[in-house]
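A.B. asks: Below: one structure in structure tokens.
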Amino acid sequence: MLTVAILAAGKGTRMASSLPKVLHKLSGKTLLQRVIDSCNELKPDKIFIIVGHKSKEVKDSVFKNNNIHFIVQKPQKGTGHAVQVLSQKVKKHDGKLIVLNGDVPLIKGETLKKLIHYHDSQKADVSLITTKKKNPHGYGRVFAKDNLIEMIIEEKDCNNVQKSNLLINAGIYCFNWKSLSKIINTIKSNNKQNEIYLTDAIYLLKKSYSFEILDNGELQGINNRVQLSKCEETIQNLIKEKHMLGGVTFINPASCTVSEESIIGKDVIIDANTHIRGNSKISNNCKIGPNTFIKDTIINENCEIINSTIFNSVLMDFVNIGPYSHIRPNCEISSYSRIGNFVEIKNSQLDKEVKVNHLSYIGDSTVGKHTNIGAGTITANFDGKKKHPTFIGENSSIGANTVLIAPINLGDSVTTGAGSVITKDSQNNSLAIARTKQVNIENWKKN
């Protein structure tokens, strides 16, 4: 039986945030969820998440499944106390127990598997991951001989000589559950912080081993925003390298971000300052950016987007967007359509070869194929209480500076006169003009 305990009860005061530390995000996922995802690669029988500070928020953030359980640690008196609380709540202490913090988001499932294998090979009571750091500031120091641990001292309790030791405790343990259960509740808070340290279990167990790995960055804990930023950079580099090896060009990778969930096809060019978030999918031969933000959007082949923002929409093949377009949620823009500068579209469906080239707002609208929307066109869809739809048929031409007062239905091949305010439906093949007759006053002088 394999049990995992993730320690997520702390406040994270050094983050200087009202949000619990484990709920800060890296590339769209919370620190805690990243640790859970890595632990799930072990296929554990149960995962216990030890919560405390703002426990409801932490619980609500987790993607639930049947093997995840929550235990409240109150008050929070250290890592050893957290496992004491766990031990009192869990009736069976069989097999192995993995204990790790919820703020090590880069830890790999493969590394945890290696820890378990090492633990089994040594028939250990406890094995913990260690590594040598050039700058070990903030970490407890491990003192071992032939991988047998002699002592672990938290940095706060180290003297200057002990601080010179570079072998650190990564805070990731594999325990023999039965061995741990016999001694866990005997640990006391005999330290400057008046906390119960899990590391004190090392002295009470007979076979305590150091599993040393190279410092490749995955053991980085997060205690402040600087460390959060460094981890974000690490994750982003891995994501972008994967896409580049798969056939994507980044003009300036350092200025771009891509979510892990996003899918990008071959021969896509991502220009500088472009950010692709959420569950976005970009198909082959697209050009994206510069200065573009895309979230939860499907972009089909041969599209070009420049200096624009797109949320939760679908673009079919050969669509051109931008510069300075804003495509809001629930839009579908069909093939060979063109959305130009300073155009906002929301909750609308545009059929093939529709052109909205500049300075327009199209909301809650359906536009037929081959229709041209002139500059300055506005669909006035809100009456102060409700949103109303606009329907424009095929092969229509909406004149510049037209206002369409919804609800309204324009048929196929309808033309509106420039500067019109259209309030009534228009039938197929009609011309709609709604503006006052021009009056010229001769010999006019300003006062």
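Cβ from N, Cα, C; glycine included.
Pulled from Swiss-Prot, these are the listed features:
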REGION    1-225  region 'Pyrophosphorylase'
BINDING   7-10, LYS21, GLN73, 78-79, GLY140, GLU154, ASN169, ASN223, ARG328, LYS346, TYR361, ASN372  UDP-N-acetyl-alpha-D-glucosamine binding site
BINDING   ASP103, ASN223  Mg(2+) binding site
REGION    226-246  region 'Linker'
REGION    247-447  region 'N-acetyltransferase'
ACT_SITE  HIS358  active site, proton acceptor
BINDING   ALA375, ALA418, ARG435  acetyl-CoA binding site
A.B. asks: Can you tell which of the binding-site residues ASP103, ALA418, ARG435 lies nearest to GLY140 (UDP-N-acetyl-alpha-D-glucosamine binding site) in space, using Cα positions?
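C.D. replies: Minimum Cα distance from GLY140 (UDP-N-acetyl-alpha-D-glucosamine binding site) across ASP103, ALA418, ARG435 lands on ASP103.
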A.B. asks: Could you check the binding-site residues ASN169, ASN223 and say which one's CB has the fewest neighbouring CB atoms inside 10 Å?
C.D. replies: ASN223
A.B. asks: For the region 'Linker' (226-246), could you work out the same-chain residues 6 or more beyond its ends whose Cβ comes under 8 Å from its Cβ atoms?
C.D. replies: 15, 24, 26-27, 105-106, 217, 220, 253, 256-260, 264, 266
A.B. asks: Check the DSSP secondary structure of ALA9 (UDP-N-acetyl-alpha-D-glucosamine binding site), expressed as helix, strand or coil.
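C.D. replies: DSSP call for ALA9 (UDP-N-acetyl-alpha-D-glucosamine binding site): coil, neither helix nor strand.
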A.B. asks: Just to verify a number: CA distance, ALA375 (acetyl-CoA binding site) to ARG328 (UDP-N-acetyl-alpha-D-glucosamine binding site), in angstrom, no decimals.
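C.D. replies: So the Cα of ARG328 (UDP-N-acetyl-alpha-D-glucosamine binding site) lies 19 Å away from that of ALA375 (acetyl-CoA binding site).
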A.B. asks: Hey, of the recorded positions listed (LYS21, ARG328, HIS358, ARG435), which one tops the CB count within 10 A?
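C.D. replies: For the recorded positions LYS21, ARG328, HIS358, ARG435, the Cβ with the most other Cβ atoms within 10 Å is LYS21.
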A.B. asks: List every residue in the same chain as GLY78 (UDP-N-acetyl-alpha-D-glucosamine binding site), at least 6 positions away in sequence, whose Cβ is under 8 Å from its Cβ.
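C.D. replies: In sequence order, the residues whose Cβ lies under 8 Å from that of GLY78 (UDP-N-acetyl-alpha-D-glucosamine binding site) (at least 6 apart) are SER189, GLN193, GLU195, ILE196, TYR197, LEU198.
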A.B. asks: Identify, in sequence order, the residues in the chain of ASP103 (Mg(2+) binding site) that are 6 or more apart from it along the sequence and have a CB within less than 8 Å of its CB; answer 'none' if there are none.
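C.D. replies: Counting only residues 6 or more apart in sequence, the Cβ neighbours of ASP103 (Mg(2+) binding site) under 8 Å are GLY12, LYS21, VAL22, LEU31, VAL35, GLY221, ILE222, ASN223.
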A.B. asks: What is the Cβ neighbour count of ALA375 (acetyl-CoA binding site) at a 10 Å cut-off, with all protein chains included?
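C.D. replies: Summing over all protein chains shown, ALA375 (acetyl-CoA binding site) has 19 other Cβ atoms within 10 Å.
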A.B. asks: So how many other Cβ atoms are close to ALA9 (UDP-N-acetyl-alpha-D-glucosamine binding site), meaning within 10 Å of its Cβ?
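C.D. replies: Within a 10 Å radius of the Cβ of ALA9 (UDP-N-acetyl-alpha-D-glucosamine binding site) lie 28 other Cβ atoms.
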